[in-house]
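Novice: Sharing a structure, written as structure tokens. Questions coming.
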Amino acid sequence: MEPVSAECHLPPEDDLLEMMMEQSFTEPEEKSQDKPTRKIIPKTKLCKGVNNRYCVLHIKEVYAQREEKHLTITASQEGDDLELCILKDDWVALQIKPGDIIHLEGNCSVDNTWTISRDTGYLILYPDLLISGTSIANGIRCLRRSVLSEKFKVCDKGSRQMLNGTMLHDIFQRATTCGFTDSVLQELAHHTVHGPKYLKEMYQLKLNQADVMGEIQEYLPSLSKWATDFMTHPLNQQQINRTKSTAGDPTETTKVSEFLDIEENIWSPRFGLKGKIDVTARVKIHQKSKAHLKIMPLELKTGKESNSIEHRSQVVLYTLLSQERREDPEAGLLLYLKTGNMYTVPGNRLDRRELLKIRNELSYYLTNVLHKSDNGSKETTLASLPAMIADRQACKYCSQMRNCALYNRSVEQQTENCYIPPEMIPVVQKETEHLTEDHLQYFRLWYLMCTLEANSKDSKMGRKNIWMMSSSEREEDGQCIGNLIRTGHVQTISDVQYLHSFQRRSGSVPATNLASGDRVVVSGEERFLALSTGYIKEVKDENITCILDRSLVKLPEDLLFRLDHEEGGGGLEFHLGNLSRLMENSSVSEKLRKLIIDFSKPNFVQHLSSILPPDAKDIVASILRGLNKPQKQAMKRVLLSKDYTLIVGMPGTGKTTTICTLVRILYACGFSVLLTSYTHSAVDNILLKLKKFQVGFLRLGRTQKLHPDVQEFSEEEICKAKSIKSLSALEELYNSQPVVATTCMGVNHPIFTRRRFDFCIVDEASQISQPICLGPLFFADRFVLVGDHQQLPPLVKSAEARELGMSESLFKRLERNQEAVVQLTVQYRMNSKIMALSNKLVYEGRLECASDRVSNAVVQLPHIKTLLLELEFRESQESMWIKDVLEPSNPVCFLNTEKIPALETEEKGGISNWIEAKLVFHLTKLYLKAGCRPSDIGIIAPYRQQLKMISNYFNSLSASAVEVNTVDKYQGRDKSVIIVSFVRSNIDGKLGDLLKDWRRLNVALTRAKHKLIMLGCVPTLNRFDCLEQLICNLKTENQIYDLPEGAHEHFPV
């Protein structure tokens, strides 16, 4: 009988739509040998070899004696050089589709056929998604929990048992170098419990150091006993016990002869795994009068000696991870510290196969998170998670129970084929009964938008580039520095901080985007992926210094290293964690839901006298005297608020000063304040002003990310200076200051489990996405959002997420309640003519200059007369416009490049305009010659390729202080002179998206204090609605200068 086949192609509405063939494959009988179109192949590197990557082009289900799946695959980017992968036995159940990337283990036959069956080979689905052994082991009993734990990482709270386990791991690992005698173990335990390393965790869990020490000491005799029984150290020449084996020879004995590594961090793109091996040991195995040495992973467990499938599975997975660094150990060791009993866990094929299948299933659900509707609308919805298990008892103690029920009720129950085990229906109902349909819809929409955004970022960059691209390729993008050798001594800063210095094997350190404070992954150039992670301390021409979590001193001296920027995933876990918290059944979350989702009106008290303490009135009155009228109104509104206030900080209105003054007043009234923003620099700008007024504050965050003048107030520096090692001292520090400052993503700090604030102030609130902005609001009774939704919105890269509303900030959302809004309209930055531009375009005339001095201010050019005299001698008819542009009394100039002409060019790196770049360069040279300081000039362009081109011109000029940057980088800042290059100039009607955003234009127009020069092609820019209005206003004011043909070539030198 002929086998029956069922074809599977990439669905026309799938996520890979743009990468699939323009028309479907025909039936296999008609076109079985045709070369599939390469449009199905995603933009990822494909290759053969040990770390092969194949793209699945076509899937055929074959029903013969046994069901099989035949995958047509290629390792060619062109879609040729086809191979066949046959899935047999239970591998047939693998969920896979055309366009998926796979890795194959096994042997390929001479006819280019792979066979993956019960007995041969492995298939790794999405191998570049590295999944931890813990997640896979937890997925054995409930795959849904593993998926949710990956998504809602910040919701997995620590526990006393987990902390004890971590500390015991630490003690054991230290003992591998110090010894396992009773006295040494006691000393290590004391050092661990009473040292600074775990103080935060003990504070968070409200533990007592003496109690913790007592619990830790219960384990110490077992550690000593294990060393006596199983180590071959000269101090432990006792009888060797047999390890218990989960399978194998009962006469086998095992003894540890050497500890090679602790917490060995391994990434395995070969098996799609990652993990930290507790201990890597050289082991001597005696079997039937024979002895042999092996390097094996040793997994430590502090809980009940269960020898459970989850525990054994982790060890089996570590045997696979170990193959990234050395030969297959074929087995691993599982040690229970409570009893001192150790098991040998063989890494047999059966266990490895089943665990990799679970890993594939987990990777499928973590990758295929979105679903395109089949109704022709191409609407994106959230995909279902693995099914719920029918075990109420297990679910009762699950840390993801709330998220499990929440996702089911808000997402899965909206689909037709949603199934819930009958016994779980009341559980889901109980966990979510406090939520209304509006609440569930808010959660569903924001979960979808955050997922769309995370996926759009992952498609452009990601961790996989570290192993899929060479260091030279990554260097071109500024994301890596390769060919490095380690130099000098490794300095130990703390238990998990080691200062390393690297230099280029030949030549100086290349130009790079890597900067101080950036997170990096250190790998070997040819082997040893992800040896260590850490942060850059300093980048110089001759060397680069890093603080890493591991010492690299034991590695070969001639090993070449590469440092890769570890790009964040966009903070998806923070977004989802805050969304989950908002849905909690708690009074804090309920209040925020009412204000944010239900739009309950904010409440205010009527009289300040009920708020201001009598002894603070004179101080507050003194502070208020230095403010203008709108700023005073803002102070009053905040003090009267019971829920929230929005302060609209229009350009140049002294937003930072206003926040600083607000903190001073709240401080004087005895209120506690949580001060936050999205960026460290925004937080520190406020603190630098506060510092001058002797307002005490505690700054949370990694020291390397903080402004140098703020670092002395950081938790890290204070703990070092005071040598804080007790919980009482730490608690005193955390409660010592009424003002605590951190970023919005720093609120997972332990201090927030014990402290609540009277007010939370969020700066840059109009630029922060709603879920991130939510984070600090959970920890205060009232909040103040400061921003301006007429300036830059939250950055959203996904067009679909933007259309759904992800660029709406919490500031913008709450602005509908106008009684909570105060506008700062008096500005101190721009002269009147520059201010008039945004006043007409955006602010409807509400902006006003603070004084005549501000209104009439012009750029200071001490050498302008000398320069103008020089120009008169060299002047030609073609360059007369230059004098007008230099004239300080002309604050606004638009240089129309239409007649030159100055057409844009589009290359691989992006869009640029070399003529505009040249004009910007020459204009800047003239301003410098006229006496303008380089630091007073700023250059703005919407496209990075244009910035790169302009910067290349400036490399030949000693004017490195002239800042060249995007609009986004200039938000909140100003310069005396701003030159804007609009770049776009074409005849085919191309527009692009960057210049369509009037908020971005508003920021560009409001950065200049005294002189604003814009360059662009009027006919092209007129096609943008917002720019058309600008050009119309400029024409009315006679501020447009038509540059003559070849103007860029007639510059006076």
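Counting begins at 1 with the first residue displayed.
Glycine residues also receive a Cβ, built from the backbone N, Cα and C atoms like all the rest.
Feature annotation from Swiss-Prot assigns region 'Nuclease activity' to 86-521; the stated evidence is similarity to another entry. Residues annotated as [4Fe-4S] cluster binding site in Swiss-Prot, with similarity to another entry given as evidence: Cys142, Cys395, Cys398, Cys404. Annotation source Swiss-Prot lists region 'Helicase activity' at 522-1053, citing similarity to another entry. Look at Swiss-Prot and you will find Gly649, Met650, Pro651, Gly652, Thr653, Gly654, Lys655, Thr656 tagged as ATP binding site, backed by sequence analysis.
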Novice: Kindly assign Gly649 (ATP binding site) to one of the three DSSP-derived states: helix, strand or coil.
Specialist: strand
Novice: Looking only at Cβ atoms, how many others are within 10 Å of the one on Cys398 ([4Fe-4S] cluster binding site)?
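Specialist: Around Cys398 ([4Fe-4S] cluster binding site), other Cβ atoms within 10 Å: 17.
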Novice: Just counting, how many other CB atoms are there within 10 A of the CB of Lys655 (ATP binding site)?
Specialist: 24
Novice: Tell me, roughly as an integer, the mean pLDDT over the region 'Nuclease activity' (86-521).
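Specialist: Mean per-residue confidence for the region 'Nuclease activity' (86-521): 90 out of 100.
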Novice: How big is the gap, in Å, between the Cα of Cys395 ([4Fe-4S] cluster binding site) and that of Pro651 (ATP binding site), rounded to a whole number?
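Specialist: Cα to Cα, Cys395 ([4Fe-4S] cluster binding site) and Pro651 (ATP binding site) are separated by 52 Å.
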Novice: C-alpha of Gly649 (ATP binding site) to C-alpha of Cys404 ([4Fe-4S] cluster binding site): distance in Å?
Specialist: 41
Novice: Distance check, please: Cα of Thr656 (ATP binding site) against Cα of Cys142 ([4Fe-4S] cluster binding site), rounded to an integer number of angstrom.
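Specialist: Counting only the Cα atoms, the answer is 50 Å.
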Novice: Can you give me the Cα-Cα distance between Met650 (ATP binding site) and Cys142 ([4Fe-4S] cluster binding site) in Å, rounded to a whole number?
Specialist: 52
Novice: Any same-chain residues 6+ apart from Gly654 (ATP binding site) with CB under 8 Å of its CB? Would you list them in sequence order, or say none?
Specialist: Gln631, Leu824, Val826, Gln827, Tyr828
Novice: Which residue, out of the binding-site residues Pro651, Gly652, shows the minimum number of other Cβ atoms inside 10 Å of its Cβ in this structure?
Specialist: Gly652
Novice: To see if you understand the setup: which same-chain residues, six or more apart in sequence, place their Cβ under 8 Å from that of Cys142 ([4Fe-4S] cluster binding site)?
Specialist: Pro386, Ile389, Asp391, Ala394, Cys398
Novice: Where does Cys142 ([4Fe-4S] cluster binding site) sit by DSSP, helix, strand or coil?
Specialist: coil
Novice: Work out how many Å separate Pro651 (ATP binding site) and Cys404 ([4Fe-4S] cluster binding site) at their Cα atoms, rounded off.
Specialist: 44
Novice: How many Å lie between the Cα of Lys655 (ATP binding site) and the Cα of Cys404 ([4Fe-4S] cluster binding site)?
Specialist: 42
